[in-house]
Protein chains: 2
Amino acid sequence: MSYRVMSGELEKHVGASIRLCGWVHRRRELARVTFLVVRDRAGLAQVVVPPGLPVPGEESVVEVTGTVVANDVAPGGFEVAYEAIEVLSEAEPPPVELFRPAVDAGLPALLDHAAVTLRHPARRAVFAASAAAVKAFRVTLDGLGFTEIQTPKIVGTATESGANVFALDYFGRRAYLAQSPQFYKQTMVGVFERVYEVGPVFRAEPHDTSRHLATYTSLDAELGFVRDHRDVMAVLTRVVRAMSAAATAGLPGAEPVRMPDEVPVVHFAEALRLVGADPAEPDLAPEHERALGAWALAEHGSDFVYVEGYPMAKRPFYTHPQPSDPRWSNSFDLLFRGMELVTGGQRRHRYADYVEALGPQAEGLSGYLAAFRHGMPPHGGFAIGLERFLARLTGAANVRETTLFPRDLHRLAP
Amino acid sequence: MSYRVMSGELEKHVGASIRLCGWVHRRRELARVTFLVVRDRAGLAQVVVPPGLPVPGEESVVEVTGTVVANDVAPGGFEVAYEAIEVLSEAEPPPVELFRPAVDAGLPALLDHAAVTLRHPARRAVFAASAAAVKAFRVTLDGLGFTEIQTPKIVGTATESGANVFALDYFGRRAYLAQSPQFYKQTMVGVFERVYEVGPVFRAEPHDTSRHLATYTSLDAELGFVRDHRDVMAVLTRVVRAMSAAATAGLPGAEPVRMPDEVPVVHFAEALRLVGADPAEPDLAPEHERALGAWALAEHGSDFVYVEGYPMAKRPFYTHPQPSDPRWSNSFDLLFRGMELVTGGQRRHRYADYVEALGPQAEGLSGYLAAFRHGMPPHGGFAIGLERFLARLTGAANVRETTLFPRDLHRLAP
């Protein structure tokens with residue numbers, strides 16, 4: 001029996017009888033010849049079939065046996081001369097023509113028919129880039145002495161606040177889906193000093209926006225023995241630089257990522273001034289983020305800009321205040337092309353500070369607070385939204401385009 | 001300011017004034033000298049402090065400045081001669097003495113105080129081994145052309161069956177936590193041919209056993225263009241071999257894993273005969289699995305044994321029947337030291353077969369069935385329970401010992 005060759009490796013097998021396995025990407029029946037373009041995990045390859053032979057329709061799964069021949073006018077310079085074809089699965093015609101250069105479908109159709117539309121080479125490339133980005137995240141942190149962890153997604157108390165949590169019936173008790181691994185990654189700094197986690201987080205977002213989902217993949221990291229949040233930012237910059245390089249390598253048409261050696265850093269108070277906002281604003285609005293992104297690109301040639309020092313009043317209880325002025329915090333956001341991509345910062349590390357910040361709420365968090373009661377170093381961390389990163393990178397207008405099977409207010413399938 | 005040196009690298013800095021940062025693992029105040037053993041992410045190092053100086057208690061977080069000196073009687077042959085100490089965090093005495101060779105606590109105390117007990121070097125080693133195993137899983141599959149995916153954990157329909165699912169209120173609708181990524185990984189075979197996912201799965205297990213949890217980490221893989229389940233088993237064997245090697249490398253006391261070049265394979269019917277069970281039994285009981293494990297070790301010198309051909313009646317609807325006799329299936333379990341570690345098999349791939357197998361249930365699964373309607377190759381896959389793998393590897397009697405923060409019928413914290 002002939003051996004299988006991937007579409008990208010035909011040139012190494014000229015003259016050999018091989019098997020090409022994949023989906024019929026396109027069938028073109030001309031008067032004197034039929035062309036089958038076969039799609040496999042490596043790409044596309046053309047099969048030349050004598051005219052008049054019955055060939056299966058698009059998306060059928062086939063095993064073609066044939067001889068590899070060089071042909072200057074074939075895509076890639078090589079093609080397969082048909083000897084036999086076995087149809088492994090017949091397919092109904094796809095709801096969207098996958099051989100077109102772009103997917104001709106609106107967002108609802110794109111998502112409703114995800115099982116098929118994701119097969120389009122352009123769609124597939126986005127998620128191959130996503131996998132490359134996640135790998136770069138891990139490789140970078142592995143190289144810095146981090147350890148990967150898996151922490152619970154079902155929790156007894158809401159992590160960040162009582163809002164936006166999904167509740168479930170847990171063997172007759174009330175439990176919640178974790179909004180983030182925050183408490184656990186901090187706890188694990190006590191064990192490994194440096195940890196990361198790649199996993200789902202859950203937010204019952206009641207808003208229908210182009211940048212929020214009910215669940216997304218969070219790339220979390222946390223590290224101990226930092227001086228302040230700037231040490232966290234230094235690690236984050238390395239991570240995002242590696243992720244950007246890895247992801248764009250697989251996206252030929254993507255805009256190159258501009259990330260100078262020194263990513264600009266602006267204090268929150270200065271950021272408000274730069275964008276002409278009221279100095280009493282407690283947070284940055286989306287239009288402020290866009291203006292800061294434009295400023296960073298114009299002034300620093302950077303797609304990224306750090307905003308540090310967000311007001312303590314708008315940050316969660318575990319946020320470490322800015323030592324020089326405790327109205328501000330040692331926290332930051334990293335904006336990517338004018339949109340928040342990462343939130344991070346230094347955390348409090350002294351038990352007494354937690355007890356004071358939490359007040360009566362400390363009661364329900366004794367498992368978490370045990371880490372601080374029994375000695376924790378100065379530490380901090382960050383969380384990157386994977387789908388949002390891919391959206392900014394590819395220029396997708398909606399984060400749903402960079403999520404395999406998104407979940408939102410309305411969508412629970414496929 | 002002196003630079004930080006990790007405990008494992010003192011020998012490279014003899015004579016230098018360095019900083020050692022970590023937790024006070026042990027404090028021993030003798031008449032003529034005080035010893036502080038400092039624990040950092042790399043291990044332990046001894047600091048020699050002049051007598052009478054106040055030193056912080058166990059688990060306090062310190063930055064010690066001192067000179068590295070060789071000392072044959074110091075652990076590792078090197079120690080740090082005290083110059084100064086800064087206490088970054090005071091700690092209350094830990095609930096369990098972490099400097100003892102073994103953790104002196106029963107399972108409930110071990111888990112209740114996880115934030116502290118996980119710091120014990122022996123506990124920490126288990127989860128470092130876990131991270132190494134997950135990395136080996138990914139590296140092996142990356143090398144075989146697999147692509148990593150992230151799929152939804154909130155689903156509109158139960159995956160495997162209606163039993164054992166957690167229900168939640170999803171913006172006023174009923175939704176479920178995914179019992180596995182099964183439907184999505186199969187769908188993604190249509191996109192990438194070969195995919196894997198590392199993520200949480202959720203089972204509302206009503207039984208309180210030493211090997212079941214309400215949520216665990218599932219290492220899932222799925223691949224297309226297989227002849228049958230044996231191709232899936234060949235990939236799995238490579239994966240488990242790499243995971244075993246990577247994990248045991250970090251567990252000096254662990255029993256070596258015995259995995260011959262050819263892992264024994266027994267048909268289900270033969271397995272029943274081997275263990276003296278009733279030939280009409282539809283499944284293997286735990287004692288049968290133990291007996292098969294003992295047989296594999298005695299007869300084949302193997303900690304692993306595959307059982308293939310489980311009765312179709314006991315396998316889910318997507319299971320591919322055994323072509324030679326459709327009472328049996330092309331599915332398998334991999335037993336590790338007498339316990340089921342992995343379930344896998346070949347899946348059905350023809351749309352008509354799904355429609356027939358599902359009957360009226362097909363209605364609710366149209367998003368999943370679209371993959372088959374529009375062409376899917378013969379494929380199969382497997383799911384490895386990470387925590388169970390670590391339990392078998394370390395000899396832990398209970399899977400809770402190899403889970404950072406386990407969730408079960410009773411436990412929802414920490």
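Keep in mind that glycine also has a Cβ here, set from the backbone N, Cα and C atoms.
Unlike curated entries, TrEMBL annotations are predicted automatically.
According to TrEMBL, the feature site 'Important for tRNA non-discrimination' maps to B:PRO75. Taken residue by residue with DSSP, B:PRO75 (site 'Important for tRNA non-discrimination') is part of a helix.
Annotation source TrEMBL lists domain 'Aminoacyl-transfer RNA synthetases class-II family profile' at B:135-414. Mean pLDDT for the domain 'Aminoacyl-transfer RNA synthetases class-II family profile' (B:135-414) in this predicted model: 96.
The Cβ of B:ARG347 (L-aspartate binding site) has B:GLN186, B:TYR318, B:THR319, B:HIS320, B:HIS379, B:GLY380, B:GLY381 as same-chain neighbours under 8 Å, each 6 or more residues away in sequence. Among the features that TrEMBL reports, L-aspartate binding site is placed at B:GLU160, B:ARG203, B:THR343, B:ARG347.
Per TrEMBL, the feature region 'Aspartate' maps to B:182-185.
Among the features that TrEMBL reports, ATP binding site is placed at B:ARG203, B:ALA204, B:GLU205, B:ARG211, B:HIS212, B:LEU213, B:GLU340, B:GLY385, B:LEU386, B:GLU387, B:ARG388. Taken residue by residue with DSSP, B:ARG388 (ATP binding site) is part of a helix. Taking the Cβ of B:ARG388 (ATP binding site) as reference, residues of its chain lying under 8 Å away and at least six apart in sequence are, in sequence order, B:ARG211, B:TYR216, B:MET339, B:LEU341, B:VAL399, B:THR402.
Among the recorded positions B:PRO75, B:GLU205, B:THR343, B:ARG347, B:LEU386, the ones with a Cβ under 8 Å from a Cβ of chain A are B:LEU386.
Across the structure, B:ARG203 (L-aspartate binding site) and B:PRO75 (site 'Important for tRNA non-discrimination') place their CA atoms 46 angstrom apart.
B:THR343 (L-aspartate binding site) sits 13 Å from B:LEU386 (ATP binding site), taking the Cα positions as reference. If you compare Cα positions, B:PRO75 (site 'Important for tRNA non-discrimination') sits closest to B:LEU386 out of the binding-site residues B:GLU205, B:HIS212, B:GLU340, B:LEU386. Less than 8 angstroms from the CB of B:HIS212 (ATP binding site) sit B:ARG203, B:GLU205, B:VAL399, B:ASP408, each of them six or more residues away in the same chain.
Around the Cβ of B:GLU340 (ATP binding site), a 10 Å sphere holds 16 further Cβ atoms from the protein chains shown. Look at B:GLU205 (ATP binding site): DSSP puts it in coil. Over all protein chains present, the Cβ of B:ARG203 (L-aspartate binding site) has 18 other Cβ atoms lying within 10 Å. Between the two most distant C-alpha atoms of the annotated ATP binders (B:ARG203, B:ALA204, B:GLU205, B:ARG211, B:HIS212, B:LEU213, B:GLU340, B:GLY385, B:LEU386, B:GLU387, B:ARG388) there are 19 Å. DSSP states for the region 'Aspartate' (B:182-185), grouped as helix (H, G, I), strand (E, B) and coil, give 4 helix, 0 strand, 0 coil.
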